[in-house]
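Feature annotation from TrEMBL assigns transmembrane segment to A:16-46, A:58-79, A:105-129, A:141-160, A:166-183, A:195-213, A:256-279, A:319-340, A:352-381, A:393-425, A:469-487. According to TrEMBL, the feature domain 'DUF112' maps to A:17-436.
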Amino acid sequence: MDDVLLGLTAVLQPQLLLFCLLGVTLGTLVGVMPGIGSLAAVSLLIPISFHVPPDAALILLAGVYYGTLYGGSTASILLNLPGSPSSAVACFDGYPMAKQGRAGLALSMTTIGSFVGAAAGIVLMIALAPTIAGIGLMMTAADYFALLVVGLVASLTLASGSKVKGLAMMLVGIMLGFVGTDSQTGQERFTFGSLYLADGINLVALSIGLFGLSEVIAGLTRGSVPVVPADLRLRSLLPTRSDLRRSVAPMGRGTALGAFVGALPGAGTNVASFMSYVVEKRVSKTPERFGKGALEGVVAPETSNNAAAQTAFIPTMTLGVPGDATMALLLGVLIMHGIQPGPTFVAEEPEMFWALIMSFWIGNLLLVVLNLPLIGVWVRILAVPRRVLMPTIVVLMCVGVYSINNSALDIVTMAFFGAIGYLLLRRGFEVAPLVLGFILGPLTEEYLRRALTLARGDVTAMVSRPSTAAILGVAAVLLVVTLARGARPRTRLPAGTGGAP
Amino acid sequence: MTPVPDIGTTGSTRTITAALPGALLGLLGALVVATALGTWFTGGGETTPGLVPLVTGLLLLGAGCAVAAGDIRSRPGADTAAAGPVAGEVTDVVVVIGSVLVFAAFVGGLGLLLTVPAVVYVLATRLDFRTGRGLAATMAGLLVLVVGAFVLGLRLPLPILPTVP
């Protein structure tokens, strides 16, 4: 209780409240724009975080992350183009609902479901985080190495297409993470004599290039999509008693599933929302309504992905093992700020940790206001012409990346990864595992080498401790199951989703 | 009329094209392995800086081969990998990347005042600005936004005016 009060006192400072509001507003703004998911949104706003205190930066970026999920469903419902990958499921039934003149109901129920899922996730985080951090303090370097391997392997579930391609991307990411000066020996690796590369590849330039710039190119090629006209007066947004009754059970199932999936290292919100949709369809007495405007098909996945978004912070903050690729990016940014998330973070920075958790309550309440009475504002943003939107995004990306080091080479790096990212997307490669590998690779290597040094080079020591052996066993099973499932033909989901995540 | 079987040169070309991404990944893996072996395995034992790159390179080599094999086996046109370029796609890529490179080349010397409009001008070649006034308004609006948010708001030391040599 003291911790909660500590966090509440900290987050109620005007400056942190302002950054919380800014984060969720920018998150909703970027989330509403089709195709720009939480990864791109967080990437785009990382430069700003370098010019504010670390606690404000953390609250800002976290707000952007879960704000994107709220905004993401708006584009899915009104355009049939997912605002974020995890909102792609909202296209299945949300768009048909919009075409039936029920857009207001779909939008309001996704917001209510999102809040319910997020609230449950926050309660779970408050309850579990200190315990998990306590367990984390008992873990050895070998255990951490094994846990990071689980995170890397589990990240393959992020790849929606070929799992082998996802594995290859993760390995490329790890390889890019080698570039720079080795922290233990001081030797340069893969720098080709370049002074610029001696510090390693700039994470911000890489992530903005891969997610932001490649999406701008895709948006330019895709062209404009007409918005479904929607009645967004308050009366049409209010659900009836029958709508609420029908949504209670899907919200409960979505919350439980999302909270569980989100807390697993490497799983993330995309998996949660897709799994939730499949579960709802299975338990429904009328599965034939799914894909044709079933309210449960919108509510459950949106509840699920928001619950997952909150519980994804549990492994990230308490163990330093990210719940998904966006969490990995957040982890990378915190490390750049000189903060190392993990069990010691909870003990050494209690004010920052609990302020973050309390900011989730405030942020989610603000998001309900932003996405219910103010939904009309965001819908109008969907109508902003591409000729204004595209240059704005490109210029903001350039200025943002340049502002970090005032380095033109960072911009060139961003351009390089933008082209690579687009090429990879066109060839059916997912870039999220690449970023996860890039961030987790160096950490994994560090723990491995530390464990080997402690064991005086004895590799068998890595599996002699039962906990390490068990975690590595889980990683091996997960890898085999993921690759085997990837080789099988996939279950068909409703067509016309405007692009799968 | 009996359809002509899709074999011969077309088939070979398609096979090579399909295998290319996987082959490149495999090659990248092989280069990492070679570099790791040649550069860092000259001593230093098991915690040498080459250990993890070596393992990663080997795995990438294997994954690249698997990707190539999978892409050759897959039905042509089954996914985006086999889909041809969309009309104007190459130009879109060149314009967007070009506009970013314009920013990189000019921001240090010309400042934001001239660089931001230059970036918008390059992008405008692929956007449907109906009037010159609309283009000018976008340039001016963006300049105000950038200077207001980054220079005045966040107090970042960004160059606004061109630097006199």
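Just so you know, glycine gets a Cβ as well, placed from its N, Cα and C.
From a predicted model like this one, the values you see are computed outputs, not experimental measurements.
Counted over residue pairs separated by six or more positions, the transmembrane segment (A:105-129) shares at least 3 Cβ pairs under 8 angstroms with the transmembrane segment (A:256-279), which defines the two as touching.
Relative to the transmembrane segment (A:352-381), the listed stretch A:58-79 leads the set A:58-79, A:141-160, A:256-279, A:469-487 in CB pairs under 8 A.
Highest Cβ pair count under 8 Å relative to the transmembrane segment (A:16-46), across stretches A:58-79, A:141-160, A:319-340, A:393-425: A:58-79. Under 8 Å from some Cβ of the transmembrane segment (A:319-340) lie the Cβ atoms of residues 38-39, 42-43, 46, 49-50, 54, 57-58, 61-62, 65, 132-133, 136, 139, 144, 147-148, 150-151, 155, 158, 203, 207, 262-270, 308, 311-313, 349, 352, 432-433, 435-436, 439-440, 443, all in the same chain and six or more residues away from its ends. With a cut-off of 8 Å on Cβ pairs spaced 6 or more residues apart, the transmembrane segment (A:393-425) and the transmembrane segment (A:195-213) reach 3 or more such pairs and are scored as touching.
It is A:469-487 that, among the stretches A:58-79, A:195-213, A:469-487, forms the most Cβ pairs under 8 Å with the transmembrane segment (A:141-160). Sequence-distant contacts of the transmembrane segment (A:469-487) (same chain, six or more residues past either end, CB-CB distance under 8 Å): 143, 146-147, 149-150, 153-154, 156-157, 159, 162-164, 166-167, 462-463. Over the domain 'DUF112' (A:17-436) the predicted model carries a mean pLDDT of 85.
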